[in-house]
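**Q** Have a look at this one.
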């Protein structure tokens with residue numbers, strides 16, 4: 001059984017080294033759509049794989065951290081990086097080139113960590129993020145799968161510190177340790193209470 005949740009954010013970037021010069025040589029933006037697919041082996045007490053409302057908490061906070069921000073590769077010139085840091089309140093510094101494929105791998109990596117560190121209380125089954133799709137436009141998307149995180153050609157692109165959020169983004173997190181919890185060694189960080197009203 002698989003469920004899907006759609007998230008959206010708007011952001012700008014440059015995709016260096018690609019054939020499309022408009023993308024490689026210019027700051028430009030997209031209205032991104034991120035589809036997150038979660039797989040389970042059984043349903044919970046509400047006959048759900050996972051309540052969609054729970055997917056509007058930590059997962060949504062993480063994805064919305066990329067909204068209305070400029071994202072840049074840490075291989076950009078120092079002059080360019082300093083310009084962004086000095087003139088943008090919201091920016092994300094990334095250790096990977098900013099293709100849709102890289103975004104898909106990155107979101108899969110961090111959302112998997114969030115789900116693994118989440119404690120649910122409504123008799124949920126074994127949950128995993130089976131894939132993530134990232135759309136830059138309506139015409140195409142990149143999709144990453146769990147097995148991609150074991151592929152040496154892919155997994156070297158993503159790691160605990162492959163993104164760094166500006167202070168302006170962090171200031172809007174209700175939990176100032178939000179990102180540190182995601183990448184910490186703690187196995188349980190995000191707790192979700194059992195629904196109050198239950199029919200036996």
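Indices start at 1 and increase along the chain as displayed.
Glycine residues also receive a Cβ, built from the backbone N, Cα and C atoms like all the rest.
The structure displayed is predicted, hence computed values, not measured ones.
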**Q** Among 13, 68, find me the residue Swiss-Prot lists at the same Zn(2+) site as 28, 30.
**A** 13
**Q** Determine the Cβ neighbour count for residue 23 (active site, proton acceptor): the number of other Cβ atoms within 10 Å of its Cβ.
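**A** Other Cβ atoms found within 10 Å: 17.
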**Q** What are the non-local neighbours of residue 136 (active site, charge relay system), defined as same-chain residues 6+ apart in sequence with CB under 8 A from its CB?
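**A** Listed in sequence order, they are 30, 32, 100.
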**Q** Roughly how many angstrom lie between the C-alpha atoms of residue 68 (active site, charge relay system) and residue 13 (Zn(2+) binding site)?
**A** 11
**Q** Which of the three DSSP states, helix, strand or coil, fits residue 136 (active site, charge relay system)?
**A** strand
